[in-house]
Amino acid sequence: MAQITVDEILTLLDEHHLLIRSQFDNSQQRFQSIAYNSKVVSQGCLFFCKGNFRAEYLADAQKRGATGYVSEQEYGHVTIPGIIVSNIQKAMSLLSAAFFGFPQNNLPTIAYTGTKGKTTSAYFTKSILDRMYDKKVGLFSTINTVVGDRPEDVTKSSLTTPESLDLFTNMNRVVQNGMTHLVMEVSSQAYKKNRVYNLHYDIGVFLNISPDHIGRNEHPTFADYLHCKEQLLVNSRTCVINADSDHMVDVYYAAKATSQPEDIFVYHRKGSTKNPELPEDFMYESLADSLTENIIEISAVSPKAHRLGIDGTYHISIPGDYNEGNAVAAAITSGLMKADKKAIAYGLSHTVVPGRMEIYPTHEHGTVYVDYAHNYGSLHAVLDFLKQQSPAGKVIVITGSTGDKGIDRREGLGKAINESANVAYLTTDDPATEDPKVIADEIAAHIDQKRIAVQYIADRKTAISKAIEASHPGDVVVVAGKGHDAFQKINGQNVPYQGDAPIVSKLVKGL
């Protein structure tokens, strides 16, 4: 049974130089549960005072049975003792791991970071390892959290990387359910907010980086964004790096800070302009690249890559040349986890990712694609690929951008539309406290409206419907941004939303 004593807490906090003082007299007092939400507190609970905290939350926690709290300040209006720390987020991560007996020590873990491709790469990897290890692989992704092999063990995710207490709760469930491996996405915000403090990975994968998540509620600068993403490799025993992205020399040296060169694997596409400062371990090339067939060949270059034994030709289930590098990353990481070529081949050819290049054909109109693409890199990749596949038809895109964060995304989405689309329907996408029309105007400012027809329709379902109905055979309609998301974030509320994919699925019937 998970539990922790005051003595264990103080020792751990002191080791990490987080402890300021303790109000406890009994060092052997035990806590039977931990929480940061007062509504879920039970008897014998240690309560964390974090985030936009109000004193009444702690009073409520005490009424519900909390017998101690951890905070960056003292609260005199309660009678339960507290432990005062210098950083509550770091403390919560440390103590959550300790409370559950450090479940990460019993769970070989692969972690992915990157501006785009994390989810697809994670699903590729889970598919391979599921084949190799009899579906005993956990998954923490932007879309789903999978803690076991039963249907009830799969839930929708609310964050790419959850709060540390939730993360270690789920990690413990993965271990208790007999899973043998874990594949997870790690966001830059997870490091910015110390959600994964002191968590180390067996394999860390850096897919790419481009300007994103820069804004008042995220990263103040690109340098801060890059630094936070690099921390994944600093905290990984073995590192895998995609050389076909900017800033990869910086990323490589970040990996070398804590990993030996023998434990760093670098891959790139054949013919790409790889920086000569980077080593070369794997090279891949596309043998077929269409909507119906995606085939790659992976070749080992270095001796350590040859020893991995994953050279070969592989069929990929998901279309798009931009998904090929994700498949290579998954093949390398799975090989490092002792997956054989048969498992890799099966996994790559049978992966299904909800909301990633989902195809919905129609009889009288264009072909509709639903994709989570929400920044320049991902939207450009999708639109450019589909434009090549349907050169005679129009590329029609429905998209919007989030409010209160990632302000630079708006310019990026406009640029992607400007480069590869013919028609754009701008609409609502998690506007938060901002006016969605203002967000749409900022996207439109980067589109040449003499070449590209642009209109704003606030209601997302209406925008999707009008775009599909206006399309003709041979056209491509891309519904970008929300995939299967079941809500819109508006003024601090999660407003129910059907989801792009369910809406499209119903609309195309009979079309």
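Any Cβ shown, glycine's included, is placed from N, Cα and C.
The following features are taken from TrEMBL:
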- G114, T115, K116, G117, K118, T119, T120: ATP binding site (BINDING)
- 113-332: domain 'Mur ligase central' (DOMAIN)
- 355-483: domain 'Mur ligase C-terminal' (DOMAIN)
- K229: N6-carboxylysine (MOD_RES)
- 429-432: motif 'L-lysine recognition motif' (MOTIF)
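For the pair G114 (ATP binding site) and the residue listed as 'N6-carboxylysine', the Cα-Cα distance reads 7 Å. It is T115, among the binding-site residues T115, T119, whose Cβ has the fewest other Cβ atoms within 10 Å in the structure shown. For the recorded site, G114 (ATP binding site), the DSSP three-state label reads coil. A Cβ within 8 Å of the Cβ centre of G114, T115, K116, G117, K118, T119, T120, the residues given for ATP, is found for these other residues of the same chain: Y112, S121, E185, L207, N208, N326, S378. Taking Cβ-Cβ distances under 8 Å and a sequence separation of 6 or more, the neighbours of G117 (ATP binding site) in its chain are L207, N208, Y322, N323, G325, N326, A329, S378. Each residue contributes its Cα atom, and for T120 (ATP binding site) and K229 (N6-carboxylysine) those atoms are 18 Å apart.
Distance noted between the C-alpha atoms of K118 (ATP binding site) and the residue listed as 'N6-carboxylysine' is 12 Å. On the 0 to 100 pLDDT scale, the model's mean across the motif 'L-lysine recognition motif' (429-432) is 95.
According to DSSP, the residue listed as 'N6-carboxylysine' is assigned to a helical segment. Counting only same-chain residues six or more apart in sequence, the Cβ atoms lying under 8 angstroms from the Cβ of K116 (ATP binding site) belong to L207, N208, S210, Y322, A373, N375, G377, S378, A381. In sequence order, T113, G114, S188, Y191, F206, I209, V251 make up the list of same-chain residues 6 or more apart from the residue listed as 'N6-carboxylysine' whose Cβ falls under 8 Å from its Cβ. The 10 Å shell around the Cβ of T120 (ATP binding site) contains 28 further Cβ atoms across the protein chains shown. Neighbour density for G114 (ATP binding site): within 10 A of its CB lie 26 other CB atoms from the protein chains shown.
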